[in-house]
């Protein structure tokens, strides 16, 4: 099943209020299928081709002119939109997110009849560096249709807060399907694949009270589409706590997977000391981090629980599970001793 396992006791500190873990975040829009390509619902996108190919670009900040520059070099192996004529007329478009409207979009010229367009154009934004560092760059490739029915060909999102600004070289990036942010207006941070299982006390085998207390098993499989922090990808790992317990006993983590925006962890964590009535008051928090020498950078997370805002009668801001996270936890509560599989979008916590 998994190549790494860790086991830990879950001790509930019921009477002391645990430290808060960040502000209450709004519910993410529920998305029924995250695994497939999600089509854009704006920009007049009528195409339904699958994203493919790569784009080559470089980023730079010109301190003297206070200007952010995106040097768009070229694309390779783009999808073909007009099958009959075997053609695509691609152009590249950039936005700074979340502030799409104010900063405006920038576009390259359109290159006709090619899936390997060469642009060598610089898209410029007059913006203070401090403001730039709280943005994400969304760079997308589109087929230009004379009737305005443009087709989406792929995109990449770059988190500028953790971009390595000393790197001014051109680099190649794979184009990805339309992210959830475009569809739901939420920030897309990737999708975690995992399974969970609850083993009630005394439910295994002939020996009485086996296990003596209940167990929650968490199998972290992989994460897809993490934010691209560096040209080489990210060095990521997953942390796990069972809240309200934030002690060392509750803390578990996976190994670090290097240079990969689609890391495979295959790591199982078992928490014992879990009574059935604890399931409504506890919350499993899984967070993904980029590992760096000086400080780890938060990439996104999920919280599995009932999302009631309360834990053992105390109001807590971490009991804020989305509809999908709540449904996943409830399914586990209803199906003792069975692995429940899930695909959940990461969010800011």
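Note: Cβ is positioned from N, Cα and C throughout, glycine not excepted.
All TrEMBL annotations are machine predictions without curation.
Looking at 1-30, 31-60, the stretch flagged in TrEMBL as region 'Disordered' turns out to be 1-30. Here the domain 'C2' (51-173) has a mean pLDDT of 89 out of 100.
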